Amino acid sequence: MSTERDSETTFEEDSQPNDEVVPYSDDETEDELEDQGPEVEPTQNRVNREVEERRETLKKDCSWQVKANDRSFHEQPHFMNTKFFCIKESKYASNAIKTYKYNAFTFLPMNLFEQFKRAANFYFLVLLILQAIPQITTLAWYTTLVPLLLVLGITAIKDLVDDVARHKMDNEVNNRTCEVIKDGRFKVTKWKEIQVGDVIRLRKNDFIPADILLLSSSEPNSLCYVETAELDGETNLKFKMALETTHQYLQKENSLATFDGFIECEEPNNRLDKFTGTLFWRNTSFSLDADKILLRGCVIRNTDFCHGLVIFAGADTKIMKNSGKTRFKRTKIDYLMNYMVYTIFVLLSLISAGLAIGHAYWEAQVGNYSWYLYDGEDFSPSYRGFLNFWGYIIVLNTMVPISLYVSVEVIRLGQSYFINWDLQMYYFEKDTPAKARTTTLNEQLGQIHYIFSDKTGTLTQNIMTFKKCCINGKIYGDHRDASQHNHSKIEQVDFSWNTYADGKLAFYDHYLIEQIQSGKEPEVRQFFFLLAICHTVMVDRIDGQLNYQAASPDEGALVSAARDFGFAFLARTQNTITISEMGTERTYTVLAILDFNSDRKRMSIIVRTPEGNIRLYCKGADTVIYERLHRMNPTKQETQDALDVFANETLRTLCLCYKEIEENEFEEWNKKFMAASVASTNRDEALDKVYEEIEKDLILLGATAIEDKLQDGVPETISKLAKADIKIWVLTGDKKETAENIGFACELLTEETTICYGEDINALLNTRIENQRNKGGVYAKFVPQVQEPFFPPGGNRALIITGSWLNEILLEKKTKTSKILKLKFPRTEEERRMRTQSKRRLEAKKEQRQKNFVDLACECSAVICCRVTPKQKAMVVDLVKRYKKAITLAIGDGANDVNMIKTAHIGVGISGQEGMQAVMSSDYSFAQFRYLQRLLLVHGRWSYIRMCKFLRYFFYKNFAFTLVHFWYSFFNGYSAQTAYEDWFITLYNVLYSSLPVLLMGLLDQDVSDKLSLRFPGLYVVGQRDLLFNYKRFFVSLLHGVLTSMILFFIPLGAYLQTVGQDGEAPSDYQSFAVTIASALVITVNFQIGLDTSYWTFVNAFSIFGSIALYFGIMFDLHSAGIHVLFPSAFKFTGTASNALRQPYIWLTIILTVAVCLLPVVAIRFLSMTIWPSESDKGDQSVPALGVAQVPGGMRLYGAQGTASNALRQPYIWLTIILTVAVCLLPVVAIRFLSMTIWPSESDKIQKHRKRLKAEEQWKRRPYVFRRGMSSRRSAYAFSHQRGYADLISTGRSIRKKRSPLDAIIADGTAEYRRTVES
């Protein structure tokens, strides 16, 4: 099958990926890639192209212009960009960093604007406006205004606190100081006042405030050593070097003040390893590259002072450009919750529309013919239905819970504080607590599927430790005494005999010390002498102590080990190096240093001894050293066996060797070396060739074994997370061998693991693509695709892939433009169409390839990506998010992890040795990787369970509360009259039912933290979304509907045939409303008692306190005193005291509560007994201290203190109340059924008591005296806005047409006679 390729762009498939190199820079341009591969073309064409490209490059890339010591230059009009209408600002950013969102003037309008972008808040704003319209309002305006102000206020305060913290952080950075030339002298200036073109002075251990061109320093040749931990996560030092011209002329203050150099360079970008520019000074141009640039975020080390010219400032610096786009992160539950709120909106609209239609029909059939319902408005039934639609939108607005969002924020804030306060995540050694840097993602911690981890500083301590060695074929480093006897327990070696020892090395082989001190084997001393002399470590003295600064942690560990064993590196100059050999100082002349690189995998040094001998010392990887050994090496095999032993122990190894060199041989080689050093072209290749000539016929001394020390608890943490079905991928910039060793050390990889590499994966993906292409025929779309696994079932597989192979496999290699068909515009329409189709095919191929790779990688138990760039790390995370729809977590500690941290759903920063850049960009931070298991398995799982319980209960209680209005509508002519008092509606979600659910969302635990860690399998409920989904939502909806039915119809049935103690029927509207409200408050608060798994005093107090608070406030609101003060706002005067003194009403409330809760208790008991969850099993498997458990999960206490133990449990009291209710329930039910189905004569009369009494009252309306008038004061006297509901519910208003007054009297008398006779 022919492969179609794009005519304009092609993938570079001719080169094999290199496992040793980091791929292209993230921002390489098309032109840069074109220059990498020269093409065969005519000479004249090449000359013309080079001239044109040079002109284009200068125009495109070098458009950033900087003038030293001239701020006015950068304020010229052509450097200004239009920001907003006529407002312009310079394209040169100031050095101030701004991460805050608000200031004193913008906080209120911007915050309100952001809050009203939330659908629920905007909905309630519209609702408040509707309630201000008299024709449609059915509730007082304060019922919506009070909760809305509370929600907006709490959210605004939270946002304000967060933004104040950002202001403080920004001020801390922006107010740092350094020295800047002003008015011809260096003056101390704040960072935020630095501008492009300023000349600054930095001193040792200073942070670099901006991207600057190094001009000079205190070191020879203006070298400057910097630590780049904030950029790439590496603590080793790197050096920068100034131009020879600036080094020579710009050392003094006056010369720096008069410096007027002009720089043209590339625009600000995120390429940390590249810089292109030119310095024009003194009528000469000087080329600039990345080796002359000091980047913001680095720290000056081992350099007393340096001078630099600011090129990029503030947001234009590479560290800021490389931080990636800040993404607004929201949890999966957030999205689901929003969809559910939209579902409620739809239900609310449908219900309101249905009830409005019902009202229009009722008005046409009844209302228009009932003269006593006339309200003075001649509206048509359809228009009245339209008004009632908005009336029901207002009445039923609590279906959309306004307090939901603020309650969620309060719970998240509390859970964040619990993480901050967790002492088991506090790292004592560095006084570093865990920190929740965001409050919006806590429950998502309980739903993680994939963890993407950096290696250096995250899994490891980034501290290399000398553990073992092999010298002359013998292994040293085991636990043994000076007589070579092994001991399992032996004291650590005492290095006090060595004055230079730092005392940090823990070594237990006393025999090696005895060999060094005795000098019996000269190879042993030669071994450590090689470690002390063959390196590029810098040394300085601090308080008389040697302090090493190494280019890599490995090298530092080896030099420090040589120092402890008696061979201390003391000092070096450009041509000499001084060593203390067992207390004797000797200085050697350095003739050449053959430096390390990733291709050579070794470094060598050639020195002349004080005796005049020339010797080469070399250390490197065993694969390259063994190729260059002399064939007569007697310990070759023994050393190889030792290397295998070290590799099995996951130690990092290096081979050491040396060579004697004759004087004439060195002279001849040195000439070639000097010639290669000054070669103008292909200098690196020429040097490598010269190095090869001298690095041969080497004599093997032995091998070192260094432990890349893992952080404490890393293997255990990875094991527990794996049992929780969380997969861990390691993404690192380290070499493949190093990453693989760490994989074995942290037990991601085992001996049983089958490892697949890049070439294996590429072959599998190519085969899968061919199979998919062959199956993609005409009928493919009618046949469902079956996802076949890449590997046979069974077996443990891991994937190790390098960044180069990753680009090859994912078709992410940079494209280069074909010179043959490089056209700005297609020539014909056909060509344009073909080009578009070709691009679409390439995109489809790329997408399919990426999806296949993700599927393949997810079949592996572990994935390690090495030699990857920060952009590739983020790309891998994004692929898993996109194609697996899985929740991801990224954890790292360096600036090179920032992009990955921001891309993942949750980012975690390790506050370790590699700076704070990752922490500043993270959502959560702590000091050790092992704390991740507690963050996820304890805090994450608890937060998820709490939030799910909270949401289910919140929706339930609001449905139960609101839908009572729905049932009431069928008895009031669909008139949008409320079933409760207005103040009860206002305070229900704010006071009466808010605190218990908040405390459950903050404190509830299904099992303890120890059990959560002991049984990681409990975590899977969050991964599978088992506790909150649409099914659970509709179960809560159904539960709320049933509860609302019970709350309405049981009191309604109880009131139908009731006579109070005073002979009056307590079935007036206000008493009915109080009964339903009381039953509702008790039911929803007891319901949360049943939902609570972890009882505390606070929970119990909140439940019973909410009920007591309801009754206390209700009696106050129904008092005569408050009515006198506010007669129009408080109309239920005396209702509570009159109604709640009737025992029958209390029995009705108890019955209603029991019927609501009894099915819940039964279902809960059956589910825990027959279908127990994993947490139920875990809770029952570990008995509490001092408590015996029986098979049912019940706990039996001892005989002492039974009453006090049992009756202090709130659940026991709920059980007692429910037991009493169940005992009375059959009696009440039978009594109710008998009165309804088989009524006695008195029951029949009582059944029609309201209508007959009302008829009698109407007939005797002229008389003042009424028989049976109760002494209680009726609240109806103050209900001026009500009155229709009682007429409708008694049926007296159901007339076909308006009747004369005489006819009504006659019909009433006849009806009474028929009733008595029957």
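Glycine too: its Cβ is placed from the backbone N, Cα and C atoms.
According to TrEMBL, the protein carries these features:
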| type | residues | note |
| --- | --- | --- |
| COMPBIAS | 25-38 | compositional bias 'Acidic residues' |
| DOMAIN | 75-145 | domain 'P-type ATPase N-terminal' |
| TRANSMEM | 116-133 | transmembrane segment |
| TRANSMEM | 139-161 | transmembrane segment |
| TRANSMEM | 339-362 | transmembrane segment |
| TRANSMEM | 389-408 | transmembrane segment |
| ACT_SITE | Asp454 | active site, 4-aspartylphosphate intermediate |
| BINDING | Asp454, Thr456, Asp893, Asp897 | Mg(2+) binding site |
| BINDING | Asp454, Lys455, Thr456, Glu555, Phe596, Lys619, Arg652, Thr732, Gly733, Asp734, Arg867, Lys873, Asn896, Asp897 | ATP binding site |
| DOMAIN | 919-1173 | domain 'P-type ATPase C-terminal' |
| TRANSMEM | 950-971 | transmembrane segment |
| TRANSMEM | 983-1003 | transmembrane segment |
| TRANSMEM | 1033-1057 | transmembrane segment |
| TRANSMEM | 1069-1088 | transmembrane segment |
| TRANSMEM | 1100-1124 | transmembrane segment |
| TRANSMEM | 1144-1167 | transmembrane segment |
| TRANSMEM | 1211-1233 | transmembrane segment |
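The distance from the Cα of the residue listed as 'active site, 4-aspartylphosphate intermediate' to the Cα of Asp897 (Mg(2+) binding site) comes to 7 Å.
Counted within 10 Å of its Cβ, the other Cβ atoms near Thr456 (Mg(2+) binding site) come to 28, all protein chains included. Residues of the domain 'P-type ATPase N-terminal' (75-145) grouped by DSSP class, helix first, strand second and coil last, total 31 helix, 9 strand, 31 coil. For the pair Asp893 (Mg(2+) binding site) and Arg652 (ATP binding site), the Cα-Cα distance reads 22 Å.
In this chain, the transmembrane segment (1033-1057) lies out of contact with the transmembrane segment (1100-1124); the count of Cβ pairs under 8 Å, excluding pairs fewer than 6 apart in sequence, is fewer than 3. Within 10 Å of Thr456 (Mg(2+) binding site), counting CA to CA, the binding-site residues Phe596, Arg652, Gly733, Arg867, Asn896 contribute Gly733.
Counting same-chain residues at least six beyond the ends of the transmembrane segment (389-408), those with a Cβ under 8 angstroms from any Cβ of the stretch are 118, 120-121, 123-124, 127, 130-131, 133, 136-139, 144, 147-148, 150-151, 154-155, 337, 341, 344-345, 347-349, 351-353, 355-356, 947, 950-951, 954-955, 958-959, 961-963, 965-966, 969, 976, 978, 985, 988-990, 994, 997-998, 1001.
Among the stretches 116-133, 950-971, 983-1003, the one making the largest number of Cβ pairs under 8 Å with the transmembrane segment (139-161) is 116-133. Cβ neighbour count within 10 Å across all protein chains ranks Arg867 highest among the binding-site residues Arg652, Arg867.
On the 0 to 100 pLDDT scale, the domain 'P-type ATPase N-terminal' (75-145) averages 78 in the predicted structure.
Taking CA atoms as the reference points, Phe596 (ATP binding site) and Asp897 (Mg(2+) binding site) are 26 Å apart.
Of the residues the record lists as binding ATP, namely Asp454, Lys455, Thr456, Glu555, Phe596, Lys619, Arg652, Thr732, Gly733, Asp734, Arg867, Lys873, Asn896, Asp897, the two whose Cα atoms sit farthest apart are 32 Å from each other. In this structure, of the recorded positions Asp454, Asp897, the smallest number of CB atoms within 10 A of the CB marks Asp454. Each residue contributes its Cα atom, and for Asp897 (Mg(2+) binding site) and Arg867 (ATP binding site) these two points are 13 Å apart.
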